[in-house]
């Protein structure tokens, strides 16, 4: 016979933010009697789900992946862009063992330090501030030859916007007294991810041999010439930049080659061409024995030092519940199933012991504004059934409607989506009351509360940086101000009378008064 549980549920209303401005605010205009009542009768607050509070750059809107990682891990998990930027600020970057080892070996062998990456402020695959820090660090350690191989963007930045970056690096090298931009090529070639090896080979030959379609004495001159050929940044053909004596830079034995992209998908192919012993993507004229460094791990089977290995998240909420012999359920529709499982568990695919999962198929419609309620009724049927079974200590549920319908930009549909979720919450709260359970109602980030762009008047389909709600439907108590998503797991453990592990840097923000 199974022991009867008093479940604690976490209901995540995806894309449901709070916004003072009520214009085209679907959350405000929706008829939500259940949430209105709960807000009057139970402790509630607003918490942060964006920017630095979830490990993103300041002001950056939150997203579902980041939100669920922060909620499930009970700590602020710094995303790569922020994590590396923070290490530069803290001074840790300059003593990073992978960088130090490669640079020092090159210097000792009288070799060169080559730095390659997407020279862009885009922040999607790389950030030029990281590349700048790497150039400074190499020179500070005594490198006499520093060569920058610049991949140009034009996708995550305007199509012709590289000139400012190139000018800034020309100035940087002048200040440092050594180093130069050695080559330019569009990301179309260097960062292919579809096994179009003919493209990658052009970048490889450019970096290793200085072999290029075009030869120039200055990077800005090279860019201007590319624009003259009607090549936008992304498509700039291979261009080698010579030194004052007309010599091109080449990659030789004992040189260091440091790849400054942090996003893996478009970094893998060119990396394999430099480090895989059995590489067969294209015929390589030269294969210098170099000290290669990946900024982050691009793939588990690429054998090269990694400057910033992925952080293994231990003692996430799911793991703590497992270790304490508790049972848990994860439930959502297809659209957010990975979020309440894989992302909530800190990037681990396998369920924990005692963790059950229920997947409800999202409706097969072209866009969700055609069915704004999505599969919320069926999801709630299964959720209520699970609550009534009293077999779970903790239930994690995500309602995707606010986000998925918010992305369509259809205001009327977003209002209907919010109303559908409100009705479902009424059923869930009622079921919990019958078994003496309680719940936290929150969101991972905003979306549906802003359905129009105030500047352009066009539909606003993106996430927002607004605060998100938190309601505690349970015992008497109060919620501390200034909470964030990483506080939810410690709060849940505290409500259950469980010890919060030291790895969780969030805090319990609910104080019970009974």
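Cβ atoms are placed via backbone N, Cα and C, with glycine included.
Counting Cβ atoms from all protein chains shown, residue 64 (active site, phosphoserine intermediate) has 24 others lying within 10 Å of its own Cβ. Swiss-Prot lists 64 with the feature active site, phosphoserine intermediate.
Per Swiss-Prot, the feature Mn(2+) 2 binding site maps to 14, 64, 444, 445; the stated evidence is sequence analysis. The DSSP secondary structure for residue 445 (Mn(2+) 2 binding site) is coil. Cβ contacts within 10 Å of residue 445 (Mn(2+) 2 binding site), excluding its own Cβ and spanning all protein chains shown: 27.
Taking Cβ-Cβ distances under 8 Å and a sequence separation of 6 or more, the neighbours of residue 193 (substrate binding site) in its chain are 265, 266, 268, 269. Residues or ranges marked as substrate binding site in Swiss-Prot: 125, 155, 156, 187, 193, 263, 264, 265, 266, 336.
The Cβ neighbour count for residue 463 (Mn(2+) 1 binding site), using a 10 Å radius over every protein chain in view, is 24. Positions annotated as Mn(2+) 1 binding site by Swiss-Prot, on the basis of sequence analysis: 403, 407, 463.
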* residue 407 (Mn(2+) 1 binding site) versus residue 156 (substrate binding site) - Cα distance in angstrom -> 20
* Across all protein chains in the structure, which of the binding-site residues 125, 266, 407 has the highest Cβ count within 10 Å? -> 125
* To do: Have a look at the recorded positions 14, 64, 264, 444, 445 and say which one has the shortest Cα distance to residue 403 (Mn(2+) 1 binding site).
  => 14
* Structure fact -> Sparsest Cβ environment (other Cβ within 10 Å) among binding-site residues 14, 156, 403, 444 belongs to 156
* Let me know the largest Cα to Cα distance in Å among the substrate-binding residues 125, 155, 156, 187, 193, 263, 264, 265, 266, 336, as an integer. => 32
* Using the Cβ centroid of 14, 64, 444, 445 as the reference point for the Mn(2+) 2 site, which residues of the same chain not in that list have Cβ within 8 Å? -> 12, 15, 49, 62, 63, 67, 68, 336, 339, 398, 403, 443, 447, 463
